[in-house]
Each structure stands twice: as structure tokens, then as C-alpha cells.
């Protein structure tokens with residue numbers, strides 16, 4: 001459909017005559033402009049549609065439930081059914097068996113090490129790697145994720161519980177088990193309510209800063225097993241360093257030499273396992289090697305100055321209800337923080353591994369599976385468990401195909417609890433400390449800091465603030481500060497959106513940012529602006545200020561078209577605007593009145609259906625005029641440019657003397673001259689090779 005806009009000689013910009021293209025040849029002073037008509041939504045029908053939007057999600061979910069088969073229902077509640085019903089025993093079993101054994105061998109010494117980091121007896125680390133691993137294999141949807149105790153969660157447990165009760169007290173252990181129950185309940189609630197998206201507000205810079213600072217604190221907290229004397233338990237770097245320096249006179253050489261030697265061996269094995277494919281098994285065998293070497297040395301030489309793990313209870317954990325509910329209120333912040341770590345680490349790793357292995361993973365269902373694993377683990381004396389970076393990487397490298405490898409890992413942990421605990425009595429604590437330090441050294445993400453400094457100084461600042469506050473003020477305060485600053489950056493970006501002045505690329509009908517494309521040109525009397533964000537109460541004032549600036553300060557060296565003294569049209573390109581609220585609508589009304597008082601007309605290009613519906617309901621479509629809403633920026637420029645052309649022309653006076661009617665060749669020549677003038681007006685160029693016919697010409 002073609003709409004013909006008439007160029008009026010009047011300066012009244014709002015008087016535009018519209019007619020269809022099927023009319024006869026336009027009269028003198030009228031030039032047809034071909035535009036695409038904008039379809040305005042029916043406010044009545046759209047209103048009834050929008051009123052049902054709150055029920056749309058529920059009805060869609062209900063429809064999905066009705067069409068689910070029995071197998072899909074089983075998969076919803078037992079994700080393991082997905083791989084059980086398609087399991088290829090000949091192809092998968094051998095790979096899953098070897099992967100499960102590898103992770104189990106790696107987990108046994110790590111579990112004891114992380115339990116010591118958490119301030120618990122080593123046996124509770126084994127418990128944490130037993131029942132939760134089994135439960136996750138059934139309810140978890142990831143086939144490669146290795147769950148159990150991890151360093152960061154262990155540090156968080158130690159940090160909060162040491163401020164409540166001494167680690168030697170029985171209540172300390174009870175609160176750690178209660179914390180597992182609370183974390184599990186929170187994870188299940190978030191999974192059922194599909195609230196995993198909340199964590200998106202925490203930027204990658206905060207996560208990297210958190211893991212880097214936590215790794216440094218973890219490594220320093222393990223120094224006491226290397227130095228041979230006690231160091232204060234703290235998540236702040238200053239008290240740790242002070243305690244290490246103040247106790248230097250109690251330094252003991254034997255544990256330092258043994259711990260350093262084992263740590264060096266672990267780092268070499270890890271490096272070889274990562275860099276060379278034929279030595280991949282060394283990465284998983286490192287923790288077991290450290291335990292065997294340390295135990296062998298103690299058995300042979302019986303050094304009195306090296307502390308040992310000591311007696312560990314033999315047998316599987318018994319069922320018991322968590323205790324210490326009177327302290328639950330004080331544990332809520334830490335439970336929320338551990339849940340956040342579970343979402344960031346476990347769900348992030350699981351989704352990455354799922355994409356790498358060619359299957360889909362629902363993050364909310366994954367969160368629910370972790371929650372069930374922690375709840376069931378708390379009834380069998382486990383402290384909070386989550387997905388592990390290192391063990392999941394080894395699991396994927398080992399070729400894990402299904403959750404059966406997790407069940408095999410759980411069986412190995414059960415065998416260790418039943419038969420091997422007498423052997424663990426002679427493990428040196430410095431060996432366990434070396435395992436922890438080698439595991440967390442990979443979390444010190446200095447390469448990320450260098451990358452952020454090179455790419456985005458703002459993200460580098462966020463990384464620095466997060467890591468520095470964690471080191472100086474503690475984990476809880478540091479994470480809160482990092483998240484707060486991250487959200488502040490989001491709010492700042494949202495309240496100060498990107499707004500671009502557009503220009504037309506020569507030889508095209510494409511309009512782009514004149515800062516990015518200096519060759520693009522604008523037109524005298526017209527400002528073309530694109531708003532690259534939703535418009536709402538927080539950013540409308542900024543947008544209005546920028547529009548006023550652009551009205552006055554657009555670079556005139558790139559302007560083409562007829563010479564006029566001021567701005568007559570402001571065209572808003574609204575295709576990137578996904579939402580507009582009532583405050584923004586009212587502000588646009590005020591802006592329209594302000595422009596109207598200065599004889600400036602607003603034109604709006606390409607608003608989406610919801611935005612156009614909101615403007616229509618608010619009466620802004622009628623206030624501005626339907627004829628000033630366009631499908632394309634190109635259409636809006638054509639109409640506005642024709643008005644600017646008519647404004648720039650001198651008023652014509654009727655001739656006093658009669659003139660002869662022009663002949664056929666004179667009329668043809670005049671028509672050609674008019675067509676060329678239009679083309680030159682559009683291109684801003686007098687060369688015939690640069691003609692860019694924007695306005696449609698008479699045929």
C-alpha cells in the first residue's frame with residue numbers, strides 16, 4: 001500500500017493530507033511519497049488479551065502437563081530415568097565404571113581434607129561424599145557433575161560456625177549438619193519456584209573475585225599444618241598473616257618439608273595430567289598419591305613432630321534428625337550464600353558439561369536435585385555438598401556417560417567407610433593440607449584480572465573491590481559488597497541507556513549511529529535518534545536531557561538537504577524499546593507539549609506491538625497524531641524531509657501578466673528538473689553518479 005503525503009506551503013507541521021496511491025496525478029506542489037502504513041493494534045481486543053497475561057504462564061504449564069506421557073512424568077521426578085531407559089551396557093558400562101572408580105579414589109582423600117578445612121573430623125567429609133552422591137545420581141539431571149564436599153563451601157561452613165561455637169564442641173558438628181538441611185531446603189524451594197534466574201544479577205567479575213580471594217584464604221588457613229603450630233581460624237587475611245608471623249618461633253621443619261614435597265609432587269602431576277593426554281590419569285591419582293606417600297613415610301620413620309589424622313570411626317553413617325534448630329536463624333545468611341555458590345558453581349558447570357556432551361539440562365531441576373541430595377545427606381551426618389570443579393573436570397575427561405559413575409563413586413566411598421578407615425589413622429595432616437592447597441591454587445584467577453583490565457576497566461574494578469573486601473573484611477561482607485556494586489552498575493547502565501543519533505548511509509536507506517559510521521549524514525531541520533533500552537521511570541529523565549542536547553548540538557557539518565535555521569522534527573527510532581511504563585508515557589506527553597510550544601513535531605518509528613498498545617491506551621497516539629507513526633525510519637525521514645523542503649521554499653506570488661501555456665517538451669524538461677532536484681536533495685550531492693532517489697518520482 002502506498003500513502004501519498006502532500007507538501008504543504010504552510011508552516012503548520014501537523015497539517016498533513018493523506019490519500020492512497022490510487023489517486024490521479026498530483027497537482028503542482030504535491031509530490032507522492034511511498035511509505036509502508038503502520039498497523040495500529042485494536043486497543044479493545046488487546047486490552048482483553050493483556051488482562052489474561054497473568055494466567056498465560058499457568059495455562060501454558062497446564063497444557064504442557066496434559067500432553068506429558070508416563071515416561072515424561074517419571075523423568076520429571078526421577079531424572080535418572082532418562083539415561084536408564086536408553087543405557088547401552090556394552091558401550092557405556094566400562095567407561096562409567098572406570099570414571100566412577102577414578103572419582104572415588106580422588107574423593108576419599110579430598111573429602112577428609114575438606115572436612116578438616118570446615119573444622120570437622122575427617123569422617124564427616126567421608127559422610128558428605130557418601131549419601132549425597134547416591135541421591136544426586138538419582139535426582140540430579142547432569143551426567144558428568146561430581147558432587148560432594150568442596151573447598152569453598154567448607155570455608156564458608158568454618159567461617160560462620162567458628163563465630164558461634166568452638167570447633168571442638170559437639171554443637172559445632174550438629175550445626176554443620178543442620179546447615180546442610182537448610183541449604184537443601186533453600187535449593188529445593190528455588191528449584192520448584194524456578195528462581196535460578198536471580199543469580200544472573202551477579203556478574204562474572206564478582207564470581208571470579210570471590211573464588212580468587214577465597215582460594216587465598218583457604219591456602220593460608222592450611223599453613224598451620226605445614227608450619228607445625230596453630231593459626232587463628234579466620235576468613236580475613238590480616239588476622240591470618242598476623243597469626244602466622246607471631247607464631248614463627250614455634251616453626252617445625254619436618255611437617256614443612258613433608259608438606260612442601262607432597263605439594264610439589266601434586267602440582268607436577270596436575271600439570272602433566274593437563275598438558276599431556278597420555279598422563280591424564282595422573283591428575284586424578286594425585287590426592288591418592290599424596291595420602292600413600294605421607295602414610296608410608298609415617299609408618300617407616302614414626303616422626304613425632306608430624307600430626308596425624310588419628311582414629312576414624314568405622315562403618316556407615318546412621319540415620320538421625322539434625323539438631324540445633326535454635327541456631328537456625330543465625331545460619332540463614334550462610335545457607336543463602338552456600339545456595340548461591342551452588343547455583344554459580346554446580347549449575348554453571350553442569351550446563352557447560354551438558355552442552356559439551358550433547359544433551360539439555362534444566363537448571364531449576366538441577367537445583368532441585370542438589371537440594372534433595374543435601375536434605376537426605378543431613379539425615380546421615382553430612383555437611384553441605386555441591387558440585388566440584390576439579391572432580392567434574394576429571395569426570396568429563398574420563399568419558400563419563402551417565403549417572404551410573406556417581407553410583408559407583410558412592411559405592412567406593414561406602415567401601416572406604418566399611419573397610420579402610422583403620423588405614424586413614426596414619427595419614428599426616430600436612431598431606432591433607434597439600435591436597436587442599438593444590439586444589440584451590442587453580443581458583444586463583446589472575447588471568448581473568450589481566451583480561452578484565454585489558455577489556456573492561458569497570459569489570460576489573462568490580463573484580464578488585466570484591467576480592468579486596470573479602471580478604472580484608474571477610475567472605476559475607478565481601479560478597480555483599482561485590483553483589484551490591486554489581487547491582488549498582490546494572491542500575492547505572494539501565495538509568496543511563498545508550499542513545500544514538502542516526503544518519504543515513506550513502507546510497508542506501510539504512511540509518512546508523514553517526515559516531516560509528518562518520519560517513520552517514522543527517523538532514524537539516526531533522527534529528528533522528530535511536531533509544532537502545534526499555535523506557536521507564538528510572539531513565540526517562542536522562543533520555544529527555546539527551547534529546548534536548550541533540551536538538552541543539554548535532555554536528556552540522558554532516559547535514560544535507562534544504563537550509564533551515566532550526567530543528568522542526570525529532571524522529572524517535574523505537575525498535576530496540578521492548579517496554580515503556582506509565583511514568584515514561586507521561587514524560588513523553590510533557591516532551592510533546594514542550595516541542596509543540598516551539599513548533600517541533602515528534603515522529604515515532606517502528607514501535608513494537610506492546611509499546612504501541614501502551615502509547616495508544618495512554619492517548620499518546622492521538623495526541624501526536626497517527627500520521628506521525630511509521631514502520632521504518634526511512635518513511636519518517638521522507639515525510640519530514642518533504643515538509644522541511646516546503647518550509648525552506650520562498651512563498652510563490654501569482655504572475656501579474658498572463659503567460660502562454662507551456663508546450664509538451666517544456667513540461668517534460670521541467671519534470672526532469674524537478675526529479676533531479678529531489679534526488680540531489682536526498683543525496684546532498686550535485687553529482688549525477690551519486691543520485692539517491694528517496695522520494696518516489698512521478699511516472
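Every residue, even glycine, has its Cβ placed from backbone N, Cα and C.
These figures come from a predicted structure and were not determined experimentally.
What TrEMBL records for 92-112, 118-139, 146-165, 171-193, 205-227, 251-269, 281-301, 367-390, 402-420, 426-444, 460-491 is transmembrane segment. According to TrEMBL, the domain 'STAS' annotation covers 516-640. Here TrEMBL flags 679-699 as region 'Disordered'.
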DSSP-derived helix, strand and coil totals, residue by residue, for the domain 'STAS' (516-640): 58 helix, 25 strand, 42 coil
Segment-segment contact (the transmembrane segment (367-390); the transmembrane segment (460-491)) at 3 or more Cβ pairs under 8 Å: no
Stretch of maximal Cβ-Cβ contact with the transmembrane segment (146-165) [cut-off: under 8 Å; candidates 92-112, 171-193, 402-420, 426-444, 460-491]: 171-193
Cβ-Cβ under 8 Å with the transmembrane segment (171-193): same-chain residues at least 6 beyond its ends: 118-121, 124, 128, 157, 160-161, 164-165, 322-325, 327-328, 331-332, 334-336, 338-339, 342-343, 364-378, 381-385
Interface-richest range of 118-139, 205-227, 402-420, 426-444 toward the transmembrane segment (92-112), CB pairs under 8 Å: 402-420
Dominant neighbour of the transmembrane segment (460-491) in 118-139, 205-227, 402-420, 426-444, by Cβ pairs under 8 Å: 205-227
Same-chain residues at least 6 beyond the ends of the transmembrane segment (118-139) whose Cβ lies under 8 Å from its Cβ atoms: 78-80, 107-108, 110-112, 145, 147-149, 153-155, 157-158, 161-162, 167, 172-173, 176, 180, 233, 309, 312-313, 316-317, 368-370, 372-374, 376-377, 379-385, 403-404, 406-407, 409-410, 413-414, 416-417, 421, 424, 432
Contacting positions for the transmembrane segment (205-227) when only residues 6+ beyond its ends and CB under 8 Å are counted: 117, 151-152, 155, 158, 233-237, 240-241, 244, 247, 250-252, 255-256, 259-260, 307, 344, 429-430, 432-433, 436-437, 440-441, 443-446, 448-449, 452, 459-460, 462-468, 470-471, 475, 478-479, 482-483, 485-486
